Amino acid sequence: MAGGALTDEGGLKRAHLYEHRITSYFIFACIVGSMGGSLFGYDLGVSGGVTSMDDFLKEFFPGIYKRKQMHLNETDYCKYDNQILTLFTSSLYFAGLISTFGASYVTRIYGRRGSILVGSVSFFLGGVINAAAKNILMLILGRIFLGIGIGFGNQAVPLYLSEMAPAKIRGTVNQLFQLTTCIGILVANLINYKTEQIHPWGWRLSLGLATVPAILMFLGGLVLPETPNSLVEQGKLEKAKAVLIKVRGTNNIEAEFQDLVEASDAARAVKNPFRNLLARRNRPQLVIGAIGLPAFQQLTGMNSILFYAPVMFQSLGFGGSASLISSTITNAALVVAAIMSMYSADKFGRRFLLLEASVEMFCYMVVVGVTLALKFGEGKELPKSLGLILVVLICLFVLAYGRSWGPMGWLVPSELFPLETRSAGQSVVVCVNLFFTALIAQCFLVSLCHLKYGIFLLFAGLILGMGSFVYFLLPETKQVPIEEVYLLWRQHWLWKKYVEDVDE
């Protein structure tokens, strides 16, 4: 046995013996577990709205506020070009990046539930500090605590959902994380729209309300069951079997339980999971799951739209309230897309959705870039009719992303890793994701200022590259039991060279 996967055809044949029924216990566990996405989503949605509020800018960034009020023609794309302002957004993701390594240890030793609880406490503290902030240092400190919370939550929640779900509906269940993320973004935008009208402390309310999902997640986490996979990994076999019976709704769980035990036995033989992740036999998981997909998910440019939608729409000539309304519409489209993806992932497959959406997103980014090149900048005012067309195009882009790269960027990596490298692999996934999230957050506004419309064409080129990556390197994982995904590499034109003969 290698890679913690089943090493013979008997393992693959055993998958058809798995049984499950949807129980209230299973539904409760998935709903509470997926709430980790609401933390991530609320922050994604609230940051851009707050940084576009005049009261927030006057208190912490008076220079940007004055420049914004002057309506200088040369600052059409550059109104918000300030590295400290972008650090307010990106500091959270740099903190999350660093925290993922501690989160990997907690997730492996104390379970997925332990990381969920730690993440909710840290996120709560960050929300309190940000709401009470008196200076930029307090803002950044609060963001660091929020980042630690997101690092732990993003480490544990996708694993939790993948391990709790039966193979046949794993795609749908795992995408609860994306759905709650999208709902968090939408709620944050609706709150920003209301709090912008509360002077001069509305921004404090927006930031402080981050404590609400943190409290709900903590309270739910106290009664949340640990995953059978994690319990087996900790040597609690009887408890693991009891939980598996409850979440599957049947006593006939011996085949699945045996697979979990065998995978755990292989995992225990691995003393250093991070070093094992670099082993030749794990090269497909490393390249695709740990690095490629999480990096490309951010390089679509989607999070730039989520971070800075209100700021971007204001830069394109929309008023303050109009920009918040436009970004709210955009994020409502993201929620619709997340619901669509819950149905389509297990019906059409992960690979098809990624490829189809890449074509769509490429086209939308090109059209937006060319439109802005011809009609905006250098003192030109953007016609309202054209502005509405841009909002529609961005909504279509969001719909494509929200049913593909958004959920698949978390779902597919969580499916690929064998048990002995799963917590380490997910740690690298979150680390890479947050690194590129922070990089994009820190660089987007300055890139918008210097590249102007070219930033959208740059994202179009990146999307073309990531579509090619999926086409050539990613096999379909739809309805494959999570402990048997490893067997797919043996049938792939490239990856079979890395995994063949490792079990002999």
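Note that Cβ sites are derived from N, Cα and C of the backbone, with glycine treated the same way.
Source: prediction; values computed, not measured.
As annotated by Swiss-Prot, topological domain 'Cytoplasmic' applies to 1-25 (among others), with the evidence given as sequence analysis.
DSSP states for the topological domain 'Cytoplasmic' (475-504), grouped as helix (H, G, I), strand (E, B) and coil, give 14 helix, 0 strand, 16 coil. The topological domain 'Cytoplasmic' feature in Swiss-Prot is assigned to 475-504 (among others).
Summarising the annotation, Swiss-Prot assigns transmembrane segment to 26-46 (among others) and lists sequence analysis as the type of evidence. Sequence-remote contacts of a segment are chain residues at least 6 beyond its ends whose Cβ falls under 8 Å from one of its Cβ atoms, and for the transmembrane segment (26-46) they are 92, 112, 116, 119-120, 123, 146, 149-150, 153-154, 156-157, 160-161, 164-165, 173, 176-189, 191-192, 206-207, 209-210, 213-214, 216-217, 220-221, 223-225, 246-249, 303, 306-307, 331.
According to Swiss-Prot, the transmembrane segment annotation covers 84-104 (among others), on the basis of sequence analysis.
Summarising the annotation, Swiss-Prot assigns transmembrane segment to 121-141 (among others) and lists sequence analysis as the type of evidence. For the transmembrane segment (121-141), the list of distant contacts is 39, 60, 84, 87-88, 91-92, 147-150, 152-153, 204-205, 207-211, 213-215, 217-218: same-chain residues at least six beyond its ends, Cβ to Cβ under 8 Å.
Look at Swiss-Prot and you will find 144-164 (among others) tagged as transmembrane segment. Through the fold, the transmembrane segment (144-164) approaches residues 26, 29-30, 33-34, 36-37, 39-40, 43, 91-100, 102-104, 106-107, 112-116, 118-127, 129-130, 170, 173-174, 176-177, 210, 214, 217, 227-230, 247, 410-411, 413-415, 422-423, 426-427, 429-430, 433-434, 482 of its own chain, all at least 6 residues removed from its boundaries and within a Cβ separation under 8 Å.
Per Swiss-Prot, the feature transmembrane segment maps to 171-191 (among others); the stated evidence is sequence analysis.
Per Swiss-Prot, the feature transmembrane segment maps to 205-225 (among others); the stated evidence is sequence analysis.
For 286-308 (among others), the entry in Swiss-Prot reads transmembrane segment.
Sequence annotations record features per position, and here Swiss-Prot assigns transmembrane segment to 315-337 (among others) based on sequence analysis.
The transmembrane segment annotation in Swiss-Prot covers 352-372 (among others).
Annotated transmembrane segment per Swiss-Prot: 382-402 (among others), in sequence order. Listed by sequence, the residues of this chain that lie at least six past the ends of the transmembrane segment (382-402) yet keep a Cβ under 8 A from its Cβ atoms are 178, 182, 300, 302, 305, 313, 316-318, 326, 329-331, 333-338, 340-341, 357, 360-361, 364-365, 367-368, 371-372, 375-376.
Residues of the same chain lying 6 or more positions beyond the ends of the transmembrane segment (428-448) and with a Cβ under 8 Å from any Cβ of it are 77-78, 80-83, 85-87, 89-94, 96-97, 100-101, 103, 147, 150-151, 154-155, 158, 274, 277, 286, 289-291, 293-295, 297-299, 301, 303-304, 307-308, 311-312, 315, 409-410, 413-414, 455, 458. If you look up Swiss-Prot, you'll see 428-448 (among others) marked as transmembrane segment, on the strength of sequence analysis.
Taken from Swiss-Prot, the feature transmembrane segment applies to 454-474 (among others), supported by sequence analysis.
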- Item | Selection from 84-104, 171-191, 286-308, 352-372, the stretch that has most Cβ pairs under 8 A to the transmembrane segment (454-474) | 352-372
- Taking the transmembrane segment (205-225) as reference, the highest number of CB pairs under 8 angstroms among 84-104, 171-191, 286-308, 352-372 goes to 171-191
- Segment confidence, the topological domain 'Cytoplasmic' (1-25), expressed as mean pLDDT: 57
